[in-house]
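Per TrEMBL, the features are:
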type: DOMAIN; residues: 34-345; note: domain 'G-protein coupled receptors family 1 profile'
type: TRANSMEM; residues: 18-43; note: transmembrane segment
type: TRANSMEM; residues: 55-75; note: transmembrane segment
type: TRANSMEM; residues: 87-115; note: transmembrane segment
type: TRANSMEM; residues: 135-158; note: transmembrane segment
type: TRANSMEM; residues: 190-209; note: transmembrane segment
type: TRANSMEM; residues: 298-318; note: transmembrane segment
type: TRANSMEM; residues: 324-344; note: transmembrane segment
Amino acid sequence: MGFNSSGEFHFDSYPQRIFVASILSVVFFLGVFGNGLVILAVLVSHRLRDVTNVFVVNLAVADFLTCLCVPANIIALVSPNTWPFKSMFICTVAATVTYTSIGVSLYNLASLAVIRCILMTQSLACYTRIFQNKFLIIVWIFLLWFVPAMIVMLPVSFSVDHLGYDPVYHSCTDSTSNLPNPMNERTKDAVLAIGFFFLPTVVLIVAYWKIYKHVMIHSDILKAKKGQPGSLTMKDLKRVAKSVELSSGISRSVSRESLSRVSQPTTPVSGRYRKHWTGRSIIKSNLSRRQLDITKNLFYVVCAFLVCITPYVILLIFDDTYLAPFAPYAACFLVTNSCINWIIYATKHPHFKVVIRCLLKCQWDEIPEPVKW
């Protein structure tokens, strides 16, 4: 592996190619098994057949397809010289499906963040009004596939990009070499970075930040309700009141009259007044312990997402002349996201976890609300 006389990098080190192929093999088996398990869980249990889980299944399908195309890259990597088959059809299809599915997966992660944000910060009526609209859900899912597909296929249709075997990296990917009208690499990379990664990342960060602020407000209220000292300041109370005015959500029952029930001692403690809530409960919250636990898990989703995409995005944004040797490993990190999403979303989900455990133990009679075949 190294640079040739003209300064171009070629991933020719066979031991390193075998190493990368080994990593991809693990991704393939873990991803196909895990995402297939999520899809099967929805097929066998009515409990999992709600509107929001449509997006979880859509994520599993996208990740399943990504992992299903991994063997094509394994074949390309372990082949000593070039693509071993006469036809490039398999490699081209694998590259197309991989890029599209990764894009769908990333947009789906952002969609799940939006769904969780609406569920946690808005009223149940608002949430139900949005997600009982089947036409909206169908259009949403369609766009999750259509937008990434267009980002992938439009450059190819205008002959400014090519999907298939890349002799430089010995993989099924995109390449602008040997094209009559090759697209400027920097422009193409910028389009991919913005369209595939930047937009979903912004949505993820904004949605989870709103969730975090919302949960912190209610966490302070719950502490005060239990009589814990120093849990709220007057600034906190004003912020809660403002949230009531701006939203008809979970904090609907937090009114200014409720805030007036706060009794303050005349002496501040460490600069913060002790607050004690009296009378009826200030919150009739559907922020159950289970929902809060699910929200905590979203932090790990964000971390996994950023860890997996950051190396690849760095290669897209910056001049990859000297970073090119790291490209195969960055691609592995990117694809790895498709085999861990199901672990974070499915095994941590209180309903999915129960069904998946039954499937793994072959306890078909224990599946909650089983589908009658």
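Glycine is no exception: its Cβ is also placed from the backbone N, Cα and C atoms.
The transmembrane segment (298-318) shares the most Cβ pairs under 8 Å with 324-344, out of the stretches 55-75, 87-115, 135-158, 190-209, 324-344. Against the transmembrane segment (55-75), stretch 87-115 shows more Cβ pairs under 8 Å than any other of 87-115, 190-209, 324-344. Among 87-115, 135-158, 324-344, 87-115 has the largest number of CB pairs under 8 A with the transmembrane segment (190-209). Regional average pLDDT for the domain 'G-protein coupled receptors family 1 profile' (34-345) in the model is 76.
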